[in-house]
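Straight from TrEMBL, the features:
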type	residues	note
TRANSMEM	46-64	transmembrane segment
BINDING	Ser171, Glu172, Glu218, Glu287	Ca(2+) binding site
Amino acid sequence: MPVSPGYARLDQNEPMKSLRISVGGLPMLASMTNPTDPRFHIKWRAIILVVTVIMLVLLIYMQLAPVHSQPRGRYVWRLNHPETADEDLYNDTYPLSPPERTSRGTRYRICVIADLDTNSRSEKKLTWFSYMRKGHLLVSESGDKVAVEWDPDRVVLESHLAEKGRGMELSELVVFNGKLYSVDDRTGVVYHINRNKAVPWVILPDGDGTISKGFKAEWLAVKDEHLFVGGLGKEWTTTSGEVVNDNPEWVKVVGFRGDVQHQNWVSKYNTLRSAAGINPPGYLIHESAAWSDTLQRWFFLPRRASAERYDETADERRATNLMLCCSAAFTDIVVSQMTICGTASDKVSVRGHSQQNALLWIPVEIYFCGRIV
């Protein structure tokens, strides 16, 4: 074979130490070693020993390390459904509808709901209902004037759940976890209001949660990503004032996943009553409460207040215009009297603040009967 110009031909028996090759005009050095060189024999015993030690270390680590993983089924399911990842997080959206800026002021979307008492029974078989009305609250730029604009149609909400022939006596509306909720003060059912449907969510039993009767819920408040559901806030008595139990003085704390805690608020309600200057057998009846994240305080608007023993007939004219606010620990309590403009004094004594006079906050810090949605 002819030899390329510029390169010397090696003898066939001459060992190949190195080979200089030119690629594209650039020199490149390639080393070629003798395969019989004992320095390059694979040392199998050493490799097996190292692998064995590594495996032992890994096994010991796996036995000692704490396990923090989620159940495999849930983990795999979430990997295949990434769009549901946010369901494990609380939705703090409020209001649900963004306010509208107009030439007359700011418009807020609002909603109110009815407690029809015994009139909630429908002509349909085994059906109970309530009315819901939507509209707008218009607040002037100066914040000293408000107006309400109602939608022309009202929504009829129906349910087939009742206790002793009564149901859908809805006490309150609240925005919680990005949804609208209400509660029936006869059955203790918390409903998710989804468009024109009342969808049962959780059932709240009376008292400490072991009573086979629905909780008589009167107010709803949102605090620390939990829904607080409260009752009358006084002992349950006979029509003439004999104490039967303290079930209405318990508060239900509902998580956004539907878990329920039962909290004894007897001491808290007694503290509010004492701050109002009322001692037993006098009482306060609560049907409206709210928590302010901004002020970090509770606000209560009792419906009734009396220094005398409870009497069913006399109680009808014991309404009050008191407002109590306090810290989360129910200390630093401030008691005020609210002026009810344009209302005759005889009507003040029988109305008071009820579930339809729900307390809520909007940016200009005024009160309104209903809920901003």
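The backbone N, Cα and C atoms fix where each Cβ goes, glycine too.
Quantities reported herein were computed from a predicted structural model and do not represent experimental measurements.
Cβ neighbour count for Glu218 (Ca(2+) binding site) (all protein chains, 10 Å cutoff from its Cβ): 24. Every protein chain considered, the tally of other Cβ atoms within 10 Å of the Cβ of Ser171 (Ca(2+) binding site) stands at 25.
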